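So that you can see what the record holds, here are the features copied from TrEMBL:
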{"type": "REGION", "residues": "1-50", "note": "region 'Disordered'"}
{"type": "DOMAIN", "residues": "4-35", "note": "domain 'DUF2510'"}
{"type": "COMPBIAS", "residues": "23-32", "note": "compositional bias 'Polar residues'"}
{"type": "TRANSMEM", "residues": "54-76", "note": "transmembrane segment"}
{"type": "REGION", "residues": "79-157", "note": "region 'Disordered'"}
{"type": "COMPBIAS", "residues": "92-105", "note": "compositional bias 'Low complexity'"}
{"type": "COMPBIAS", "residues": "106-130", "note": "compositional bias 'Pro residues'"}
{"type": "COMPBIAS", "residues": "137-150", "note": "compositional bias 'Basic and acidic residues'"}
Amino acid sequence: MSQAGWYPDPGGEPGRLRWYDGQQWTTQTRADNSAGVGGPEPGGPPGPQKRRPIWPWLVLALVAVVAGAIIIATVVTPDKPRDITDNPPTLDSTITPWDDSSPSDTPTPTPTEPSSTPPPTAPSTPPPVVDCPRSPRAGERADHPEDGRIHGGQLSFAPAPDPWYGRAGLLQQVMFFGYDVDGQALDVTGSWFSQLTVGALDPEDGFSEPHASAEAILSCLASSSFFSGFQGRTDVHSKQVSISGHDGWSVRGEVRVNDYGDVEGSVLEVIVVDTGDGLSFFVGEATLGHQDQYTTLDETIASLAVD
């Protein structure tokens with residue numbers, strides 16, 4: 001996921017983006033009418049107006065000079081000017097302005113059938129965008145035991161080793177559809193990070209059961225502004241799981257983007273568990289092509305437990 005940039009306004013105002021500087025939300029907002037995230041748009045005087053090219057005047061001047069020379073030569077020559085009708089030049093009608101070779105006796109007709117392998121074209125419509133719900137409880141935290149595990153909602157996991165580190169503040173802003181959020185992040189580039197996150201879901205926000213909730217979270221995260229340049233999603237699995245004897249649902253997919261240089265996207269896995277006291281979720285993200293992150297993601301999922 002991206003770090004500093006324009007993200008959906010956590011204040012809940014629809015159609016607005018707010019600038020996140022990588023540590024906290026700023027007071028800068030703008031309409032949500034851009035394709036991706038980026039820095040604040042600096043102001044400045046308008047650029048200089050384009051100057052009209054002078055080459056047309058040079059051409060006209062050259063034509064005038066040539067025409068004048070012809071007239072002068074005609075006036076001063078002692079010979080009678082030649083009438084163009086005395087001996088008109090012959091024109092070779094078989095020569096075209098863009099081809100100096102004569103056509104064949106039987107020109108090959110232009111094919112009318114389309115090629116069997118047409119060149120690839122860009123998709124006519126972009127992948128669908130699914131909005132994440134905004135929980136009024138976003139940012140809330142509950143009391144949890146200090147046992148060395150990372151807790152959110154009724155789920156916890158064993159923390160990943162360095163260079164993964166705690167990033168609760170940012171992850172609470174990213175996972176604004178839930179509450180009681182905590183987790184870890186791993187910086188991949190200056191504008192991209194992977195994450196391991198747990199939290200709780202409120203049924204008042206439309207989360208009623210694990211399967212539909214997991215699908216909804218993956219769909220909205222994949223197409224959100226946190227994945228600027230979203231190109232599409234490829235599902236890896238969608239299956240029922242059990243965490244500490246509690247039923248849940250896991251959805252994993254590859255999400256691809258084209259706005260982050262060498263970063264092609266991420267593997268996202270969303271797990272939603274019915275803990276008996278509501279729904280809790282886990283979101284794990286590993287950057288595509290990073291096998292070490294895939295391993296960490298799988299090990300973290302294996303350590304998930306219901307508190």
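Quick reminder: no glycine exception, Cβ is built from N, Cα and C everywhere.
A TrEMBL annotation is a machine prediction, not a hand-curated record.
Secondary structure of the compositional bias 'Polar residues' (23-32) per DSSP, as helix, strand and coil residue counts: 0 helix, 7 strand, 3 coil.
In the compositional bias 'Basic and acidic residues' (137-150), the DSSP tally of helix, strand and coil residues is 0 helix, 1 strand, 13 coil.
Taken together, the residues in the domain 'DUF2510' (4-35) have a mean pLDDT of 72 on the 0 to 100 scale.
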